[in-house]
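Peer 1: Got these off TrEMBL a minute ago, pasting:
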type	residues	note
TRANSMEM	43-73	transmembrane segment
TRANSMEM	85-103	transmembrane segment
TRANSMEM	123-142	transmembrane segment
TRANSMEM	228-252	transmembrane segment
TRANSMEM	272-298	transmembrane segment
TRANSMEM	319-339	transmembrane segment
TRANSMEM	359-376	transmembrane segment
TRANSMEM	446-479	transmembrane segment
TRANSMEM	491-511	transmembrane segment
TRANSMEM	531-550	transmembrane segment
Amino acid sequence: GMKISVVSKKLWCVHKQLLLLLAPLVFLPILFTLPEKEGRCLYVVILMATFWCTEALPLAVTAMLPVCLFPTLGILPAKKVCPQYFIETNFLFFSGLVMASSIEEWGLHRRIALKVLSIVGVKPAWLILGMMMTSSFLSMWLSNTATTAMMLPIANAILESLFGDLETLKKKCKSPEDHDSAIINGNGHVCSVFNRKPGLFPSKQLKHKTAEEIRSESEYQLKVWKGFLICIPYAASIGGTATLTGTAPNLILIGQLKSYFPDCDLINFGSWFAFAFPLMLLFLFLGWIWISFLYGGLNTRAQAEARARALIKEDYRKLGPINFAEGAISFFFILFAVLLFTRDPKFVTGWSVFFKKGYVSDAVTGVIIVSILFFFPSQKPSLSWWFDPQAVNTPYVPLLSWKKAQDSVPWNIILLLGGGFAMAKACEESGLASWIGGHLQPLAEVPPAVAVMLITAFLACFTEFASNTATIIIFLPVIAELAIRVSVNPLYFMIPATVGCSYAFMLPVSTPPNSIAFASGHLMVKDMVKTGFVMNILGILSVSLAMNTWGVTMFNLSSYPEWAHASNNTMKSINATL
């Protein structure tokens, strides 16, 4: 037995290296059993999928494999692969990330969070709602990960002012005996646990509390604490779906639509928001009810509430009045959103009509606004400064420095998107997508509305084990092809798939926000699985509802569109020439 455990420990130390060596060998048969070009492409796709799911290589490095493998295996020439890494969609994403870094630089996100919490009040259910609203709103603009990382400390501060110190709370759940003696002796020991300022609680109340009551109260408080922590990453994941730049999968949908269906111009920032924002509100509401129900956020004591309210007020007061820089960032942030919404919202005429048709896209808008941040002053410009010889001659500080942007933009995600676009291009040009589509014929028997639920459910499960971005990259081409085979509007399958792969709720490793919340050390895996399983079901139902009601009318999903016909013919001709 000793030998085996030693060997297994050694193997675990090098498991990533072994994967890198063995995976290419294990998948070799694919090259010899499939038609040549499709087989080579599938080989690379499966290899990348394996490395992404196991993180045998850093995600961004795996994303660069197309540059090595597509040209060398004769799937795509390098001059076709490389431009995929910074297509226009990536510029839109980049401008969203830069906007987010300037919001973080001036602390505007903290101000928004504290303001919302001071409005909703501090009953646990309302606080959970406030947390979820704030997290989802912020994650529409910041990355889901940044939102979670920022909201957790705020949550912890509020919880400590409500329930005292967490470690003490955990102890009180375990041992009733110690408390008995404390109460019999009538000393204020227990009281100082509840809040570190003894005296706020009259000791009269405590004398009547039995050990059992104290324990059950502590257990209840611990439950609320968990509900609080778990709602933040969930709300961040849900909020990311509401805007195109909110999360990477949404951008991959756009990039792949441009690639497969060049004539389809139905989806841009404005039209996506009009569809996905109501869906986000619906799912947030259902999620809030479920989390409040599960974690008992429905009653508390008044004293603790007053303390929590005071803490939020105090924290907000510390921020001071809004300064010039925060005001300026708020202005550009709102301008950024408004210009993106109104460029071409489909249901009304947008401002893009003032420019040459088809020239100005969301990416252009984003980059224009973001460029201004690098020279707009962060201090109020004053005329008197010019005429005052005594005025301090401090250097000019713009709203955002390039150094800050460079440090806070996650470039690895940009590479990841690029790798996804390169992979999609190869799936299309090698004929792999249509080959797989041909093998999905049995799904043609399923009514489309049921197919939507199956697709969403499948991706919501798959994304628990792989990154959201990798999941959508791997499956979108297949789903597009499936839709063409069964003559259903491709958007009817592609939109739910894209939203579904953001619904990673069940495991700490499913998505970085979950990992951050889990790393705080107060959540168990079983908490996440139990809460997340129901969240997934609620999500699948919400998406199906949205697709079959307002989605149908907005994107005209009931008919098989002209743009899909056009692309279908090119596919046929590509396959004929192959």
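Cβ coordinates come from backbone N, Cα and C, glycine included.
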Peer 1: Looking only at the recorded stretches 85-103, 228-252, 272-298, 531-550, which one has the largest tally of CB-CB distances under 8 Å to the transmembrane segment (319-339)?
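Peer 2: Maximum Cβ contact count belongs to 85-103.
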Peer 1: Are the transmembrane segment (359-376) and the transmembrane segment (85-103) near each other by the rule of at least 3 C-beta pairs under 8 angstroms (pairs 6 or more apart)?
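Peer 2: These two segments touch.
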Peer 1: Given a Cβ distance threshold of under 8 angstroms, which distant residues of the chain, six or more beyond its ends, lie next to the transmembrane segment (531-550)?
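Peer 2: Distant Cβ neighbours of the transmembrane segment (531-550) are 230, 234, 238, 275, 278-279, 282-283, 286-287, 290-291, 294, 449, 452-453, 456-457, 460-461, 492, 495-496, 499-500, 503, 505-507, 510, 557.
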Peer 1: Could you give the residue numbers and ranges of same-chain residues that sit at least 6 residues beyond the transmembrane segment (228-252) on either side and whose C-beta is under 8 angstroms from one of its C-beta atoms?
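Peer 2: Answer is 89-90, 92-93, 95-96, 124, 127-128, 131-141, 143-145, 147-148, 151-152, 155, 158-159, 268-269, 272-273, 276-277, 279-280, 283-284, 287-288, 291, 295, 297, 362, 366, 413, 416-417, 420-421, 424, 468-469, 471-473, 476, 498-499, 501-505, 511, 513-514, 516-517, 520, 522-523, 527-528, 531-532, 535, 539.
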Peer 1: How about long-range neighbours of the transmembrane segment (123-142): same chain, 6 or more residues beyond its ends, C-beta under 8 Å?
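Peer 2: Cβ under 8 Å, 6 or more out: 96, 99-100, 103-104, 109, 112-113, 116-117, 148, 150-151, 155, 158, 224, 227-228, 231-232, 234-240, 242-243, 245-247, 280, 284, 287-288, 291-292, 295-300, 305, 308, 333, 337.
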Peer 1: Taking residues 6+ outside the transmembrane segment (272-298), which of them lie with a CB under 8 Å of any CB in it?
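Peer 2: Distant contacts of the transmembrane segment (272-298): 123-125, 127-129, 132-133, 136, 220, 223-224, 226-228, 230-231, 234-235, 238-239, 241-244, 250, 341, 345-347, 495, 499, 530-531, 534-535, 538-539, 542-543, 545-546, 550-551, 554-555.
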